[in-house]
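*Asks:* The structure that follows is given in the form of structure tokens.
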Amino acid sequence: MATKLPLQNSNAANVAKAPAKSRAAAGGKTIEEMYQKKSQLEHILLRPDTYIGSIEKHTQTLWVYEKDEMVQRPVTYVPGLYKIFDEILVNAADNKQRDAKMDSVQVVIDVEQNLISVCNSGAGVPVEIHQEEGIYVPEMIFGHLLTSSNYDDNVKKTTGGRNGYGAKLTNIFSTEFIIETADGKRLKKYKQVFENNMGKKSEPVITKCNKSENWTKVTFKPDLKKFNMTELEDDVVALMSKRVFDIAGCLGKSVKVELNGKQIPVKSFTDYVDLYLSAANKSRTEDPLPRLTEKVNDRWEVCVSLSEGQFQQVSFVNSIATIKGGTHVDYVTSQITNHIVAAVNKKNKNANVKAHNVKNHLWVFVNALIDNPAFDSQTKETLTLRQSSFGSKCELSEDFLKKVGKSGVVENLLSWADFKQNKDLKKSDGAKTGRVLVEKLDDAAEAGGKNSRLCTLILTEGDSAKSLALAGRSVLGNNYCGVFPLRGKLLNVREASTTQITNNKEIENLKKILGLKQNMKYENVNSLRYGQMMIMTDQDHDGSHIKGLLINFIHSFWPSLLQVPSFLVEFITPIVKATRKGTKKVLSFYSMPEYEEWKESLKGNATGWDIKYYKGLGTSTAEEGKEYFSNLGLHKKDFVWEDEQDGEAIELAFSKKKIEARKNWLSSYVPGNHLDQRQPKVTYSDFVNKELILFSMADLQRSIPSMVDGLKPGQRKILFVAFKKIARKEMKVAQLVGYVSLLSAYHHGEQSLASAIIGMAQDYVGSNNINLLLPNGQFGTRTSGGKDSASARYIFTKLSPVTRILFPKDDDLLLDYLNEDGQRIEPTWYMPIIPTVLVNGAEGIGTGWSTFIPNYNPREIVANVRRLLNGESMVPMDPWYRGFKGTIEKTASKEGGCTYTITGLYEEVDETTIRITELPIRRWNDDYKNFLQSLKTDNGAPFFQDVKAYNDEKSVDFDLILSEENMLAARQEGFLKKFKLTTTIATSNMHLFDKKGVIKKYVTPEQILEEFFDLRFEYYEKRKETVVKNMEIELLKLENKARFILAVLSGEIIVNKRKKADIVEDLRQKGFTPFPRKAESVEAAIAGAVDDDAAEEPEEILVDPESSSSYIPGSEYDYLLAMAIASLTIEKVEELLADRDKMIIAVADMKKTTPKSLWLSDLESLDKELEKLDLKDAQVQQAIEAAQKKIRAKSGAAVKVKRQAPKKPAPKKTTKKASESETTEASYSAMDTDNNVAEVVKPKARQGAKKKASESETTEASHSAMDTDNNVAEVVKPKGRQGAKKKAPAAAKEVEEDEMLDLAQRLAQYNFGSAPADSSKTAETSKAIAVDDDDDDVVVEVAPVKKGGRKPAATKAAKPPAAPRKRGKQTVASTEVLAIGVSPEKKVRKMRSSPFNKKSSSVMSRLADNKEEESSENVAGNSSSEKSGGDVSAISRPQRANRRKMTYVLSDSESESANDSEFDDIEDDEDDE
């Protein structure tokens, strides 16, 4: 191997002479002159900017050190000269990283001698000959290019050197360069001199030194000619001196730094930063700049202060001054800006601050040690190394970031944001000009002129109100009156962003019309185009909201205007007008309380008045508009500013910062508190607290349901109309929307109403546990979470059979019905037999509050109600969703509520296939499929090889095909987490309106149930009182009717050929009990009022007719005089007396009945309906599984499962004997937590009627199953009870659902010694003549029988009570439960001219007649019914499933609740109705 020759001297003698030059053919230059090759040394001298930067003078504003302080000023310097000095200085600092014992750096800058020296202690350069290069190491690294100790990138170094130039560049650009070093390890001292730009060198001088001597010193004289300089100028010296201070700041207190023999007074990086801040503070008049410091670790030290409008940074990487920053500065700054952005936007969401905005307000100092740093050039002004290669992390602490946030930067940014916003908003400023072009503005002629202060701008709610205002303006003229219609509600500018405000055309128009200038302080209106703004809106809640938004708009930008007298006024119109019949006397009422007060003063006698409601300005005619403007003093109310409380009230209503205060404001609302519209002035605080609060309460009520019935007002209106219109027959949803608007005074959008109806009928998994309406059509599925429902024009609905059991008709008379526009509408709340808010859950977001209540198992709710009735403690309930096959487990609990984890189901089919068979609640199939398809691997490839969906609208069935590698990755991460098969819900945000209408937070479902229980029990007591009262009235009627008939038959009372008044007087004299009908209330004469109950027969109540004026005179004996002529028979008397005897017994029995018994009876009825739902759900699930098997069989998909996901743990066994009530309750439930039911079997029937049931019972009985297990192998239909062997009657008489049940049916319900006649669905159903009380006054009655008809009632002998009939076996058929059809051949329609010409015989008498008719028509009726298909056979009572008895035990989560961990409250938001 050849020995490598030593390096040659880098002087001109070493350069070989070129051969003789050959001349080029043209151009006067030889080829050699045109194309040259330079040595590296020549290249550096020829192109120095590549290595040391420019050698020309530059002027730049920089920090320099002079006169013992830091100064920022323009500096003229040569960057190349500064760089060669910096290279030697950085080398000295680098030695600290090599030798921690280094303790001093001495710098001398001698201007006179043009000499600079840098000496540092610590390990010197090894004084030893390099074995490969054959020269001493000091000469090698200082005198030969591309030599360095930093070439090994496998070794992480935190020094400045990297490329092998460094000190050699200083040598090259110096006339003299001296290197001296002492190597104590080798006891040698080294000195060598280079001259002529490293072109000449002396031989090294080696001498001995002590072991303790370790240092290195570089002395050089810059070649000033190459920098176009003659001496070291002051600016250059000041810049070099500042660089020495840099080194002192970077090295810290362990190294003493001297400059020209004087120690630098900087012992830490913090001291160094203070030099800058002290200098900056001299020019500040406000508080000194803050200095926030954090030494993150040994490699990172950060200081932060404030800057004004421009980002500043002072940073170092391994002692190198990165004057242009770099990735290390970005790394630190991004953490600070992200924190500040969040803090600013939290304080003012409209600030719209971005990271670069924050950066412009920061001054950041960074001192970092970074492994093997990389820069943009040899000048090393910018670090370019990626953050991941830094070799260390700089994660600023939260405490430090908070301190930065409190340093004033947030306030600075908020001020800057305000300034920017104002600047943007000023672009839309108005001006006092004579003419503005704004669409739909009817400008006043004098607006913007010298009389502008006298002009009034009327702002109306929409175009229709504008028409009224223009009609009224014709009275005043258009010189001083302008009109502008608002398009709906104005933007809440207090919470809007600048972009929203500037893009809002309405606000821009108002500023132009009024001549408003942004944020100007107005002491008067002289500079405006209008001197007064008058708000003219509807007298409803939305109208109040519009007023409030306009007030908020002015207060946000021009609060002083609200203090200008009479600037802001409102124009009010009557809500109700009462006109005296026959005269022109008109009374106007401007508030409902005022009207109610007048109505009460009439004492019910308002028949002489016509009442008209004015809900909107559009109701008033043009003539009325002129009338209003003719008397402006009566209709115009001035808003008055009293004190700062007015401003606080406005902020309370509209500021997001006042959320908690707004909650308290709404909580303290007292119903009935309202503005007195008779006062001429209104303070802003009164407006907010007495009028605007009504809108907020209405908004809240539309969003948060009632604890009592679980309904929002819109849903309650739907149910109110459903009871009237769709109890028996289905109707299009679109039609029902119209009826709800008509009959319940619904004033909002039809689309939201249709959505609410659809929502009440939905029954897919995750929607309702019990849907109150039936979904006859496509009402949405779990495929898209209900969004796939059909248009309201195409789908039908009707009342679900279970709804009337949940909301018994007997309670309707006890409810507090509302009245709007003189129309009787829905009650304040309905009174279900269990808290339906727990059954179907609730969700919503309103003013100040939101709510989320999960669904719970109705079986568990019923069981807990029974426990409360028995004086036992409730069993805690967990959320439950009908049809959901996954698990719901309590994962955390604390005082504020519990958190539950909802988990879907998956199975491992084989090594590469996962089957998902259930998703968490409210995770829909389509969304989930999109999620699966979006999953990617780390390299961007699809995670699954294929996603196969076998699910339908009711089921979940996905097969995920993936590689073995991805299967392993998914298993390691966890299938539940990877495939998002879990979600959480919480009970920490359960807000509801209580029975008094006050918003209240509930912590547990048991708390809701307990509060409901007390109220519901109170209403059962009221129901009993009402039933007893009605029965006693019926008893008196029976006695009076029998006595009346006998008196007529005996001639004691003569009715023919006499005046009614005389007969009434006879009856009064003979002591017959009067039952007058209620007189029509004052609302009966209201224009346009529609009340579907108007056609109902007036209520008859036992009263003293002399003492009340609210009843119709002469009507007190109509119940006798309106009896049919056929009733005047001895048989009828006997029948009435028999009914009376029964009634006496019934009254006595009812008085003995307890409210508890009534409730238990209703719960028993509910249990039966739930069993029908169980059966249907089981059948549906069986059909789903069969269909899925067929789909898989056709597609060839795998059916066998390798491994199944863990099932829900089975309930723990207990040796404790269950209580009797618990055993009974467990036997009711078809909603067991056991998911492995092989067979659903109905129990054997009791003895009942051997009738064939109608076909629809199959449908109704199987309406819905509530088992958590849907894997049912077989469904066995129930057998009917044995009953009387009788045939179907000739014609079943239709009963309107919105009538009360017949008295006999109600009595049977309360007669607990025998089976109820209706609620238990016995074989025999009592029949009554059906009377349609709808508005068209049409009566449906049974026509006479064609053959085998019964004899006239007068010729019949009274029959004793019928003996119990034997009941035959029942089979499930398809007739609706409770439906009594009427044969088409037997129906006749008869128009009645008066609502009072009905038969007035008692309910009991009609019942008795009906039974006789049924008995006499057995044979003929049977054949007739078979032909017509319109008759319905008796329905036997469905029995509970013969399932094993269950006992209630605590689940794992309940028994271990003491160990539950704390969790954070989860607040959910939701939607309107």
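From the backbone N, Cα and C atoms, a Cβ is placed for every residue, glycine too.
Pasting the feature list from Swiss-Prot:
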type	residues	note
ACT_SITE	TYR794	active site, O-(5'-phospho-DNA)-tyrosine intermediate
COMPBIAS	9-20	compositional bias 'Low complexity'
COMPBIAS	1351-1360	compositional bias 'Low complexity'
DOMAIN	455-569	domain 'Toprim'
REGION	1-20	region 'Disordered'
REGION	1195-1230	region 'Disordered'
REGION	1242-1297	region 'Disordered'
REGION	1313-1473	region 'Disordered'
SITE	LYS489	site 'Interaction with DNA'
SITE	ASN492	site 'Interaction with DNA'
SITE	ARG662	site 'Interaction with DNA'
SITE	LYS663	site 'Interaction with DNA'
SITE	LYS712	site 'Interaction with DNA'
SITE	TYR746	site 'Interaction with DNA'
SITE	SER752	site 'Interaction with DNA'
SITE	ARG793	site 'Transition state stabilizer'
SITE	ILE845	site 'Important for DNA bending'
SITE	TRP924	site 'Interaction with DNA'
*Asks:* Report, as a single number, how many Cβ atoms besides its own are within 10 Å of the Cβ of TYR746 (site 'Interaction with DNA').
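*Replies:* Cβ-Cβ neighbours of TYR746 (site 'Interaction with DNA') within 10 Å number 24.
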*Asks:* How do the residues of the domain 'Toprim' (455-569) split into helix, strand and coil according to DSSP?
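*Replies:* Going by DSSP assignments, the domain 'Toprim' (455-569) contains 52 helix, 19 strand, 44 coil.
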*Asks:* Round to the nearest Å and give the CA-to-CA distance linking SER752 (site 'Interaction with DNA') with TYR746 (site 'Interaction with DNA').
*Replies:* 11
*Asks:* Tell me which residues of the chain lie with their Cβ under 8 angstroms from that of LYS489 (site 'Interaction with DNA'), as long as they are six or more apart in sequence?
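*Replies:* Same-chain residues close to LYS489 (site 'Interaction with DNA') (Cβ under 8 Å, separated by 6 or more) are ASP542, HIS545, ILE546, LEU549.
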*Asks:* Please report the distance from the Cα of LYS663 (site 'Interaction with DNA') to the Cα of ILE845 (site 'Important for DNA bending'), rounded to the nearest angstrom.
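*Replies:* Between the Cα atoms of LYS663 (site 'Interaction with DNA') and ILE845 (site 'Important for DNA bending'), the distance comes to 13 Å.
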*Asks:* For the recorded positions ASN492, SER752, ARG793, TYR794, TRP924, which Cβ has the most other Cβ atoms within 10 Å, all shown protein chains included?
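*Replies:* It comes out as TRP924.
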*Asks:* Of all the recorded sites given, ARG662, LYS663, LYS712, which has the fewest Cβ neighbours within 10 Å once its own Cβ is left out?
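*Replies:* Counting other Cβ atoms within 10 Å of each of the recorded sites ARG662, LYS663, LYS712 gives the minimum at LYS663.
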*Asks:* How big is the gap, in Å, between the Cα of ARG793 (site 'Transition state stabilizer') and that of TYR746 (site 'Interaction with DNA'), rounded to a whole number?
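*Replies:* If we compare the Cα positions of ARG793 (site 'Transition state stabilizer') and TYR746 (site 'Interaction with DNA'), the gap is 19 Å.
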*Asks:* What count of other C-beta atoms do you get within 10 angstroms of the C-beta of ILE845 (site 'Important for DNA bending'), across all chains shown?
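*Replies:* A count of 19.
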*Asks:* To the nearest whole angstrom, what is the C-alpha distance linking TYR794 (active site, O-(5'-phospho-DNA)-tyrosine intermediate) and TYR746 (site 'Interaction with DNA')?
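*Replies:* Cα to Cα, TYR794 (active site, O-(5'-phospho-DNA)-tyrosine intermediate) and TYR746 (site 'Interaction with DNA') are separated by 22 Å.
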*Asks:* Any idea what DSSP makes of ARG662 (site 'Interaction with DNA'), helix, strand or coil?
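*Replies:* Helix, per DSSP.
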*Asks:* If you average per-residue pLDDT over the domain 'Toprim' (455-569), what number do you get?
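*Replies:* 90, rounded to a whole number.
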